[in-house]
Structures are given as structure tokens and as C-alpha cells.
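**Student:** Below are the features listed in TrEMBL for this protein:
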type	residues	note
TRANSMEM	A:20-43	transmembrane segment
TRANSMEM	A:272-294	transmembrane segment
DOMAIN	A:276-382	domain 'ABC3 transporter permease C-terminal'
TRANSMEM	A:314-335	transmembrane segment
TRANSMEM	A:364-387	transmembrane segment
TRANSMEM	A:439-458	transmembrane segment
TRANSMEM	A:659-679	transmembrane segment
DOMAIN	A:665-778	domain 'ABC3 transporter permease C-terminal'
TRANSMEM	A:714-736	transmembrane segment
TRANSMEM	A:756-774	transmembrane segment
Amino acid sequence: MNPLSMLDRKIVRDLVRLWAQSLAVALVMACGVMTLILALGAARALDDTRTAFYDRTRFGEIFASATRAPESIKAAISAIDGVSAVATRIVNPVIIDITGMAEPATGMLISIPDHGDPAVNRLYLRSGRLPEPGRDNEATVIEAFAEAHGFRPGDTFDVLINGRKRSLSISGIVLSPEYVYAIGPGDMVPDQKRFGVIHMHRSVLDGAYDMKGAFNDVSLTLSRYADRKDVIARLDRLLEPHGGTGAYGRKEHVSDAFLDTELSQLRAMTQVIPPIFLFIAAFLINMILSRLIALEREQIGLLKAVGYTNAAITWHYAKLTLAISLVGITIGAVAGTRLGHGMASLYGEFYSFPFLVFSQKPDLYVISTLVTFAAALAGAANAIHGAVQLPPAVAMRPPAPTRYRNLFNASAGGFRLPFSQLTVMALRHLVRWPLRTALTTLGTALPVALLITSLFAFDSVEHMIDTIWFQADRQDATLTFASDRSGDAIREVSRLPGVMAAEPFRATAATLRNGHRSRNIQILASDPVTDVSRVLDREFAAIALPPAGILLTERLARHLELMAGDQVDTELHDGQGRRVLVPLVGVTNSYVGLNANMSRQALDRLSGRGGLISGARVIVDESRLDDLYAEVKQTPAIASVALQGISRQRFRAVIEENIGISITIYVTLAVIITFGVIYNSARIQLSERARELTSLRVFGFTSGEVSSVLMTELGVMVILAQPLGWLIGHTFSVLVAQGFATDLFRIPLIINPSTYAVSSLIVLSGALVSALIVRRRIDRLDLIRVLKTRD
Amino acid sequence: MEPEPASKTSAIFEITGVTKIYQTGEVEVRALNGVELKLQRGEMAVLLGPSGSGKSTLLNIIGGLDRPTSGSVKFKGEELAAASDRELTLYRRNHVGFVFQFYNLIPSLTAWENVALITEVATSPMSPADALALVGLENRMHHFPAQLSGGEQQRVAIARAIAKRPEVLLCDEPTGALDSATGIIVLEALARVNAETGATTAIITHNAGIRKIAHRVYSFLDGRIASCVVNEVRIQPSEVSW
Ligand SMILES: Nc1ncnc2c1ncn2[C@@H]1O[C@H](COP(=O)(O)OP(=O)(O)O)[C@@H](O)[C@H]1O
Ligand SMILES: [Mg+2]
């Protein structure tokens, strides 16, 4: 056995003596390690699972839909250079009627081959089996929907297929790569109860939709070296005559785009949050070690005098640093792993994968350990360097007295600053170590910033809810017809039970282009002046839609590199394939999706076919909602219904739950940083100034007065940290808002004054408690001992 | 020299039967073992004795920094042994001036500010400038301790101790860290302060040469006062043979 060397015993003793300070640093490190493991592990879990699932189910790479394309062109599609597999399908929205649920659910009814697996977008069977040939009423449903309703194989439910009510029997429960994130029309967050995906045999849907020998949806997989752009262009050309609405890749595929957003957020988190913690930890290590080395100056001199090498002394302090880090890494790894499992199960709620395992591969822990060690050693480096540089003879003498600058001079000139000498002491000490003061201030500002960055989501979501549901889309429901109908249909809608107001709209798929930039979108057209659903400009004022021209959301305009006044190369996918230049008359504000708006008049003129509407937005008498729901479930002409009122409630509930979780985490993190910084800072000040402060007690100053020196010094830094924290927090929030912005949705940057105040309040309270813990030590200063030693 | 005042004036401190026992682990150290002492108002007393004989312990008890294990310490009739921490703090603040071997100046404050630190909270202080002038430092007022010599620092400490016009001035080896020439300057300052402010002054030293500047000399041995000598003739600090 190799007994501990003398120096190693000293490490153990130092750790025991400095346990509170070491623990404070270790906790800050633990936060860094935890967030690193959490974010990196979650990102990997999501990424790996996605890749594996997509591979296994042969998730498509290019998607397109058409009105009705003959099956015969499938061969031509397969022949496109780079295409490795093609699946043609019939895909239609349906209304689902579930016993015991008043509101209609919406569904996607998708065909699968009668025999064998589809070549693209295979299903992953969770339970039961695929429909059996010949059993026309059998269908599979996706798991999230089944779980929300407690469905098992053998259960039945009703759907409205092309106007006819049909009772379907669930043969199996499946997962689909197309609906990992399954979000219904008009919804902002998944609502598993109200959105279902149903797969049935192609032969059944052929009959139901009168599509024999035709398809309206196609997905492709590509060979490795395929030229995506070229494939899309060729596919578009093939589908064009058949009402093709423009092919797109995974980037524009809603489910995959949501996963991508989540992943890029996790990656951004990995790059921002752990470094903040590790930076603060490095700084704290530096503070503690510098002080320890200052106290042990003479011991170091002695060790060197008796022949310990610089390397031995360096290694000694490095080991102390590593020991503290190890505590932090252990706590962080345990917490990170536990939270990772929690996060994975949270993901499980939103993303339907067959499995989602939080990655616990050892390299994750190795990376975290190495990164933390590196940060800690970087923090320790210059303190240790200073110690080993001293020649032994110098080290054994006391250090030269600290020189202060004659600032804050209470008696300077004729001009008297209103400071007591106690305050002057505090202020001079602050400016004596400007770098340390600045870093401590920064270290206190960062938790403020972190809080603002997480709390601002509340303000922004509130604003989003107000804008989306109370300013723009104020309808209770959006009814979409199975196909465009004449404008008279609005009168029928108005007559539906409970409908108090109805506004018609027309939706047409289109490709907007500007040079090499292009985008497939839906042009939504409505009456010039509307009251239910309104288009907002960038100042959130309702816009009257002009008789000609198009309006684009800011993000879409930016994507196409267009400004108001430019011409938009617009191709309508309404079967006519017209391609015209339309003036961009304005830029609009929207938090969801990429929108293009026109007046009906303008779209009618563009398409050359007037008077058509695709559906209506309605305001409903709340007391008659159930009547309306019942009617909609029986109205063949209505293909789908989006319930904005329910979407709004669901959105608020989901977002608030998520924000609630993240706020709990961020408040904890902020409090840990604050404690780490302030507690250590106070302890070190107390250690450095024990002699002065004790002298003050000897001369008859009360504990309160003596601690005011410490409190003033900490107070100045903590107060200065607030505006700095607000500034950094604002900047972070801008970055987060930008980072969150995708084609699917964006988060507005709204930070209420109360958010700044609450963030500061949390940090101020944390700082106060940390300082008060140290303050108690002032009451216990040994008055006599200080008199017996020199500085 | 003035006629010696001890016999005429009343005692400012009456110390009876004071013991102080330090308990360090298993070991019990009897630092004071039945001290009897009366300090007269305005007198200058020198406490002599070998190292470890209990001088500092007694001075600290008189100064309100520590409490006796048993016995009584009366300051102007008030029992210090029974005073609370807060009362002792106020007692030190309002009545006692301290001078220590290691100066205990605040390094971040200039000489003037070190004195002002105390005068700011005193009830009827002299101005910091006057206090510094009294110890001959009128030209060094705005220097930081690090810019002053040891003797100068000790004189700042004396100016700080006397600026609040304390009734008691307690000095624990004020010249212990100084060479003889500087020591004499510091003793002169103390003697002058004692004469001009009338503060009862107690000086601990183990330099026997200093004893002759006192009105009275107490000799310590093993935690007791072994003898008390009244100096019929006091000498000037400058005459002290070091
Ligand atoms: N805080 C203390 N704890 C334990 N022993 C002490 C303490 N202070 C003083 N002593 C002991 O009390 C005795 C008297 O000390 P002190 O009054 O400092 O002597 P002097 O000042 O005469 O040199 C010594 O033996 C010393 O070791
Ligand atoms: Mg002593």
C-alpha cells in the first residue's frame, strides 16, 4: 500500500477546510457538466434515433402532391436520374368522429399498397397488424392518436370519407416517419386527441375517392449522389399537368423540420450554456487558488527550499483543482443523466419514435470531464504559475504591502465626497483588483442574463397568443371544403348551427420565385376588409387587402430577397399552371408559417377563374358549438376543420408546461451561479481582509458596521451587475429569438420590464443570502489573535 | 516633572481577583492568577514582565477585548466582566484607545483617513489633522501605511488611538517592532499625549529601560503582579537607555 504523501494529505485537509467554497465551485461546474450532458445527450438521442428510424422506414427525401396524376407517370418518375424508390399514394384529409368527443378530429387518410410494404415511408408496427387484403374497413392509426383515445386493435371509429361516413376497424397501431411530430391543420402544438393519421389499402381509397389508376401524392428516396434540385425540377415538370403543387425536400417537411428545429436549439444550448458555467467555474477556481496560494506563500517557499521541484508544486495545486472538479463532474454527470432521462421522456410526449434512448455513451462523460478539467486548470494556471515563479527566499518573506490608489478621497481638495471611511475602504479595495471586480460583476450579471433569456419566453408567448388568436386569426374554426366551391357556399356555411359570422377564403398552392430563390406555399385570399381573420402589418395593424398584388410575411420576403415594390414570379398550381409576375405590395407580420396573402379579387384575376372559395372562417356561438360539431361531422362538403379556440388553449397549456419546466431549471442554475460567485467572493474578501476587519472590531466598530465594508463592496458589484445582466440578457434573448425563428414559426422578442425586475430580484436575493451566510463569520472573528500577528 | 498624581486622584480601574484560564484541548493555561490592580485616573503605568506572564491578557481584559474567567474589573465603577458583547464594543468605541505592536493600520486608508475612521464615530474627537500633529506627522497625512516607516506607522496608530480623546490609552509593546531611535520618538508621543490629554495610559513592555518614564511600574510574574514601584522621579523618553 502506498500511504498518502504529505502533500496529498494537505490536499485532503485543504478540501475539508475549504469545503464550502469548493462545493460552491463544484456546483457551478456541475451545472456546466449537467447542461452539456443533457443537451449533447438529448441532441444525440434525437439525432441517432431519427437517423435509425428514417433508415428503417425508408423515409422519403422528396415529397410532392398533385390533384390527380395517372399512375402511368410513376415509371417516368422512377426514371429520373438519382431517384432510387418511388411510392405513389392517395392522401386526403378526413374528418374523424369519435364517440364521446363532441368536436370533430381531423385526420390524414393515406393509402398503403394492398400487398407488401411501401417502397417509401414504411410503417413501423407497434401492435396488431396491417390491414388484411379484402377487409375494406380495416385501417391502422398512429400511436399518439390511439393512445390519446385508448384505442387498441379491434376498436372502431367513424370517418367521413369523401362525404360518406364509414366505420373503420383498427387492425394495428403504427408509427410513421412522416408523423414523428404529428401536428394537425391550424395547430401550433401537437394535439394527439384531435389529429389522427390513418392508413388504409390503396384499393379501398381508389374506390372511395374515385382515383383508380391515379394518385395525388408521391414520395421519393434518392441515391446518394442525386442532384436534389434537378430531381425536384423534373418531378415538378412531370406533375405540372396533373395539378402538382410543387415538390419539396425534408427541409420543408413539417415533421422533420420540427425535429431539426429542436436539434439546432439543443446544439445552440450546448454551445452557449455550458461554456458560461465553465467560464465562471474557471474564474472561481482562479480566485480560490490565488487566495490559497497567497496564504501558503511561505509554505511554498519552504517546500522549494527543501528541494520540492516546481513541477511537484504545480502538480500539487493542479491535483487540488482536479479534485474539486471531480466533485463537480460527478454531481453534474449524475444530475445530467437523470435530467436526460426526464428530457427523453418529455420528447417521447411530442415525438413519436419507436424508441428514444437518452445517450449514455461513455464518450459523452469523457468529453464533459475533459472539458471541465481543462476549464478548471485554465483557471488555476496563472495562480499556480505565480506561486512556482517565486524564488524560495522571496516566497518565505511576507509579500510586499498592497498599494492602494488615493481614490474616493473623502477629504480631497475642497470637494468632499459623502463617503465614510468604511465606504472608502470598500471602494478602494474594489478598484485595487479591477479585473477581479469586473469578473465578479460579470459572474453576477450572467445569472441575471440567463434568467431574462429564459423568462422572456413568457412575455413573448403571451404576445404571440394575443397576436395570433386575438388580432389575426380570430375565428373559432376554419372549415375547409373538399374542393373549391362557388362563392355561394358561404351562405350555406352561415346557416350552419351557431355560426355568427363567416368569412370566405380561397387557398391555392403556388410556387413563388425570385431568380434562383423559390418557395412552395399556399396563397390565401380573402375579402379586402375582413373582421374575423385579419392580415397584420409589421406594426400589428390590420391591412386591407389591395385589389391587385400580393403580400408576403417578412420571413418569406426575406427568403425570396424581395422588397415591397418588387415583382414576385408566381406560379399557381391550380391545374392551369399559370406563371405571372405579381407586385409585392406589402410585408406582413406572422409568427406561424410562411404566408402569402391576396385579395380574392386579385387571386381570381390571377387564376382566371373567379368566384371560387376553398372554405370559411367562422365565429361560433359558444353555447351552440356542439351543434356545429355534430353538423360538420355529417357534412360531406367539409373536408377538414381546424378549431382555433381549442388550438389556443392547447398551445397555452403545452407552452406553459414546457416553459414552467425550463424556468425551474434556469432559476436553479441562476441561483447556483449567484451563490458560487457571491459566496466565494465574500469568503475571499473576508480572508484577505480578516485583519483589517478584526482591527475595526477591536477599535469598537460593531459587527454591523464591519460587515458594511464587505456588504458595500459586494453590493457595488451586485448592483453594477444588474444593468450589465439586462444588457447581456437582452442580447441573448435577441439571439434566442433569432435562433428559434424557422419557416414553421418564430418567437417575437418581447421582454416586459417585469421580466428584468424579476430576474434581478432572484439574483439579488440569492446574492443577499450568500452574503449573509458569510456575514455570520464576522461575528465570530477572533479579536485577540489578530493582535498577535503581523500582516 | 509634575508632582505625581496617583495618590490624589481616584482609581479609574479597580481590578480584583482576576483569573484567566485558557482551555486548549487537554491543556489548561492559567494566564492570570489572581490579579489585583488599581489604575489611577491620568496616570501613566508601565507593565513589565517576562514573555507569557499575562500582561497582554490583562490589557485585553481591561480594554474590553476579553473577559476574565473570574474576578472583577471595574471601569469607573461599572463591571466589565459582566458586560455584553455589545456593551464591550461601545466601551471600546467610546472610552479606549489602543496601540499595538503591529500597528493594525488599514492599508487602504491614508494616515489622515485612518484617524478619521475613528473620529467619524467618536462623540467629541479632535480633528485628524490635530491628532497627527500631536505625533509630529502633520507632513505625512496623505500617505498610505505602505509609504510610511514603522515608526511613522506606529505614530499614526497613536494619533488614531488618541484622536477620540479616550479616557484610557492601552499600548501593548508599542515599541516592540521598532529600533531604539524610533522607539524613543513613539514613547515621546505617548508621554506627550498622556500629559496633554490626561488619558490614563498603560504601556506593556519587556524593555526595563522604559520603566522610568512611568508614574508607576507593575511587574508581572506567572499571571500575578509581583511588585509595584512608584517612580519618585520620572525621566524623559529621550533619556531612556534602550
Ligand atoms: N488565546 C489563548 N489561548 C491559549 N493560551 C493563551 C491565549 N492567549 C494567551 N495564552 C497564554 O496565556 C499566557 C499569557 O499570555 P500573554 O498574556 O500573552 O503573556 P505576555 O503578554 O505577558 O507575554 C501564555 O502562556 C500564553 O501562551
Ligand atoms: Mg504580550
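Every residue, even glycine, has its Cβ placed from backbone N, Cα and C.
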**Student:** Which listed stretch (A:20-43, A:272-294, A:439-458, A:714-736) has the most C-beta pairs under 8 A with the transmembrane segment (A:314-335)?
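**Tutor:** Checked against A:20-43, A:272-294, A:439-458, A:714-736; highest Cβ contact count belongs to A:20-43.
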**Student:** For the transmembrane segment (A:439-458), which recorded stretch in the set A:272-294, A:659-679, A:756-774 gives the largest number of Cβ pairs separated by under 8 Å?
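**Tutor:** Answer, by Cβ pair count: A:659-679.
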**Student:** Against the transmembrane segment (A:659-679), which of these stretches has the most C-beta pairs under 8 Å: A:272-294, A:364-387, A:714-736, A:756-774?
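**Tutor:** Ranked by Cβ pairs under 8 Å, first place goes to A:756-774.
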**Student:** Within the same chain, where does the transmembrane segment (A:756-774) have neighbours whose Cβ lies under 8 angstroms from its own Cβ atoms, ignoring anything closer than 6 residues to its ends? I mean 6 or more beyond.
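**Tutor:** Residues packing against the transmembrane segment (A:756-774) from afar: 444, 447-449, 451-452, 455, 667, 670-671, 674-675, 678-679, 682-683, 686, 710-711, 714, 718, 721-722, 725-726, 729.
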**Student:** So what's the average pLDDT for the domain 'ABC3 transporter permease C-terminal' (A:665-778)?
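**Tutor:** Its mean pLDDT is 93.
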**Student:** Are there residues at least 6 beyond the ends of the transmembrane segment (A:272-294) whose Cβ is under 8 Å from a Cβ of it, and what are they?
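**Tutor:** Residues 14, 18, 21-22, 24-25, 28-29, 31-33, 35-36, 39, 300, 317, 320-321, 324, 328, 371-372, 375-376, 378-380, 382-384, 386-387, 399, 436, 439, 443, 446, 450, 669, 673, 676-677, 680-681, 684, 687-688, 732.
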**Student:** Using Cβ atoms and a strict cutoff of less than 8 Å, what residues sit near the transmembrane segment (A:364-387) while being 6 or more residues removed from its termini?
**Tutor:** 29, 32-33, 36-37, 40-41, 44, 274, 278-279, 281-286, 289-290, 293, 296-297, 300, 313-314, 317-318, 321-322, 324-325, 328-329, 332-333, 336, 395
**Student:** Under the DSSP assignment, what numbers of helix, strand and coil residues are found in the domain 'ABC3 transporter permease C-terminal' (A:665-778)?
**Tutor:** 98 helix, 1 strand, 15 coil
**Student:** Across the domain 'ABC3 transporter permease C-terminal' (A:276-382), what are the DSSP residue counts per state (helix, strand, coil)?
**Tutor:** 91 helix, 0 strand, 16 coil
